[in-house]
Amino acid sequence: MFLKVFVLFFMLKLISGEENCYSSLDEQSKPFKHFATKTIYSMVNGSAQYSIAGCTTVKVWILSRHGAVYPNASTFDFDDLSATLNTLRTEIEGNSMKTLCPNDSTLLNAWIFNSNGKDNSDHLTTEGLREMKTLADAYKEGFGSNTDLLDIEKIRFRHTTEHRSKQSVLEFASNLFGIEKDDILEEDDDLLKFYEKCPTWKANRDELSGSESKPSKFENSPFFKQTIKDISTRLGYPDTEQLDVEKVKKMWDMCRYDKAWDMASESAWCSAFTSEQVNVLEYDEDLKLYFTTGQGGKINSRLACHTVVDLLDHLENKTSSSPMTIISFADAEALQLLLTTLGTHNDTVEPPEEDLNDLSDMNRRKWKSSVISPYASNLVVVKYTCDEEEIVKVFLNQHELQLDWCENDKCKLKEFIENYRWMEKCDETFCPNMAATLYGVFGMVILAVSLILIY
């Protein structure tokens, strides 16, 4: 009797493992490709045409995220990640109750930490370089019929001070013109890292790590805890030795970094998850972003107003000396906050943090970072003249966006400008309490100087 039960258990275990055998699938059949902000551009980009028959492209404005990149060693602990995963690999190898298929177990047992990440900190990966070529090719295909839009003297390039942004714009320009010219680049953190200049935004971001925040409540919900338990069970850990959330997140990080570093490579740590579990982990990250850079943050709808004003000024500028195209490269936060300020991906219902019953509650959301802000994500705003009428179209990751307040799929320029005209008072509304904060700092400086003079 005991032998029959054992054989039945072994067969069920084998079948369960084979159903989720990651390494046995070809790349096109992999069950999941969306990894929140660590998603590869080729997994989500479209093929929308930028040109319109019978219309002339007049102006182009682009804000792009940098390409797939190795993490910055100044803020990312490679040694801790490597040590934690090596320990987990050894433990999982010895877990007799794991339900991984033999191929996945072999792949995980042979895993060695890739030192390329640490050696190439903040540099584009092979995939990131490929993404910059993809963006440049899309620009040439979409706007190549207008020679002015390919004139290096009529394109303005901007980037943040980080190496990943500068390398991205250099690679983009090199693929566009066939030459490398870093003297045409401008650094502009004031415009492209505007959120870092708002103390209120940074304070709100830091509060999200508190136990009473909605993202924290989700991680303490029965739904999320069950997901962590299921992952632990899949890897052979008994109920008394369940993995904690941070260890699971490190496994997921390695899975998605592997794909960002080399899309064609196998990721041993991706085999630790099912597609449903990855969806939950992505939702967990998106819920934080919903409050950090999405509509869940009270000030987020106005935070990118200076960037919007820059866009409007460019569309309205008709002087011959003004650039035809402005292309800027920044971080994911800049693009996410810009989309929030423009109101393009607002959810009608706030995403639930505790009452999730199934995956459908999560999958209905518009705010999905893997779709809106993967590596190399880009917002392209184009102004056209069509029979003397000026119109605007907006594209995100080569998908055309339908703006709710436009009469049709081609917004009239005047209509587009008027919808965002309120942002011209940006200095007054950009960052609530900023004036009070600056006044307080200024007051402390004055007090300190006074005390020095007195004593």
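Placed from the backbone N, Cα and C atoms, the Cβ positions cover glycine too.
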The disulfide recorded in TrEMBL for Cys411 goes to which of Cys406, Cys426? Cys406
From the candidates Cys270, Cys305, select the one that TrEMBL records as forming a disulfide bond with Cys255. Cys270
With reference to TrEMBL, specify which of the listed residues Cys21, Cys55 is paired with Cys386 by a disulfide. Cys55
Ten-angstrom check, please: count other Cβ atoms within 10 Å of the Cβ of Cys270 (disulfide bond), all chains counted. 24
Quick one, of the disulfide-bonded residues Cys55, Cys255, Cys386, Cys406, Cys411, which Cβ has the fewest other Cβ within 10 Å? Cys386
If I take the Cα of Cys386 (disulfide bond) as reference, which of the disulfide-bonded residues Cys270, Cys406, Cys411 has the closest Cα? Cys411
Taking only the disulfide-bonded residues Cys55, Cys255, Cys270, which one has a CA atom nearest to the CA atom of Cys406 (disulfide bond)? Cys55
Whole-number Å distance between the CA of Cys255 (disulfide bond) and the CA of Cys55 (disulfide bond)? 45
Between Cys411 (disulfide bond) and Cys270 (disulfide bond), how far is it from one CA atom to the other, in Å? 43
Return only the integer: C-alpha distance in Å from Cys55 (disulfide bond) to Cys270 (disulfide bond). 47
